[in-house]
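Here's the feature list from TrEMBL:
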ACT_SITE  Glu172  active site, proton donor/acceptor
BINDING   Glu106, His124, Glu172  Zn(2+) binding site
DOMAIN    52-176  domain 'VOC'
DOMAIN    182-310  domain 'VOC'
Amino acid sequence: MNKKLYLLLIISGLHILLIVKIIYNMASGAEAQTPAAGEEKVLEWAAKDKRRFLHAVYRVGDLDRTIKFYTECLGMQVLRKRDIPEEKYSNAFLGFGPEESHFAVELTYNYGVDKYDIGTGFGHFAIASEDVYKLVENIRAKGGNITREPGPVKGGETVIAFVKDPDGYIFELIQRGPTPEPLCQVMLRVGDLDRAIKFYEKACGMKLLRKKDVPDYKYTIAMLGYDDEDKTTVLELTYNYGVTEYTKGNAYAQVAISTEDVYKSAAVVDLVTKELGGKITRQPGPIPGINTKITSFLDPDGWKVVLVDNADFLKELEKK
């Protein structure tokens, strides 16, 4: 064979191999990018979804006593109440407006259980009032436990006070102008604030509304939610310097948030828990006997969140 022809064939063969390799690498790269692109599409749902805080669930030792305190001292209304004797519990929903548009507390009484451990992780609920001084005097007159007298917050001007309900749950009273949602905060303590913020942003579609570090008192707080603090309920996360773990007790249970699609929302949570921690505790689907679709999960600090199908939730309210 002609030497020049031989060399030409070798060079041509090398060119072909190089082209094949380039095509293979491009294809492999596309395949490698496909899962990531798919994950991004899944994660986008949390930001697109229409969500709001529905209610916080916790246990009390005397349902009638707590209802009396919340209505007469704090100014809440009983929104609905039900007794389930076959499962030996009763619960009541209270708040400052209809559940269709307002945040509520769901009080659960388990037959025969009159005391619970709140633990060190749960912080408080908060109520916005146009006159905290007047509210505190009303609570005091009815025998309520005032744990911080009303006055400006340290280093600021906002007037606040703290009171404790009959079961030991703390309520912060915050003075502010008229608001559509007086039941305005749920505060939980976390061991890694940045991780928790990232989790609630990605898994729950919340926005970081503000973050404040208070080095003099060695803590940092972050407010997250779906609208401005003066318009809706927000989640307040607190990090105390150097504290990475808290006890949960058996009193506070969970917070419920609405979603337009529990299946898509669960897929988001599944991805985020793999990255940041936490776990799904109930796969998406209808609750037997009620048919309201839900999914539930724990955040990286072990706090439970339940996502509830909004259309099903509204149907449930129609039956009350």
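Just so it is clear, glycine is given a Cβ too, placed from its N, Cα and C backbone atoms.
Remember, TrEMBL labels are computer predictions, not curated facts.
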Given a separation of at least six residues and a C-beta threshold under 8 Å, show me what packs close to the residue listed as 'active site, proton donor/acceptor' in the same chain.
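Expected: His124, Phe125, Ala126, Ile127, Ile160, Ala161, Phe162, Gln185, Met187.
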Have a look around Glu106 (Zn(2+) binding site) and count the other CB atoms within 10 A of its CB, chains all included.
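Summing over all protein chains shown, Glu106 (Zn(2+) binding site) has 22 other Cβ atoms within 10 Å.
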Report, as a single number, how many Cβ atoms besides its own are within 10 Å of the Cβ of His124 (Zn(2+) binding site).
19
Please list, for the domain 'VOC' (182-310), how many residues fall into helix, strand and coil according to DSSP.
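For that range the per-state counts are 31 helix, 57 strand, 41 coil.
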In the domain 'VOC' (52-176), how many residues does DSSP call helix, how many strand, and how many coil?
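Its residues divide into 23 helix, 57 strand, 45 coil.
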Give the mean pLDDT for the domain 'VOC' (52-176) on the 0 to 100 scale.
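Mean pLDDT across the domain 'VOC' (52-176) comes out at 97.
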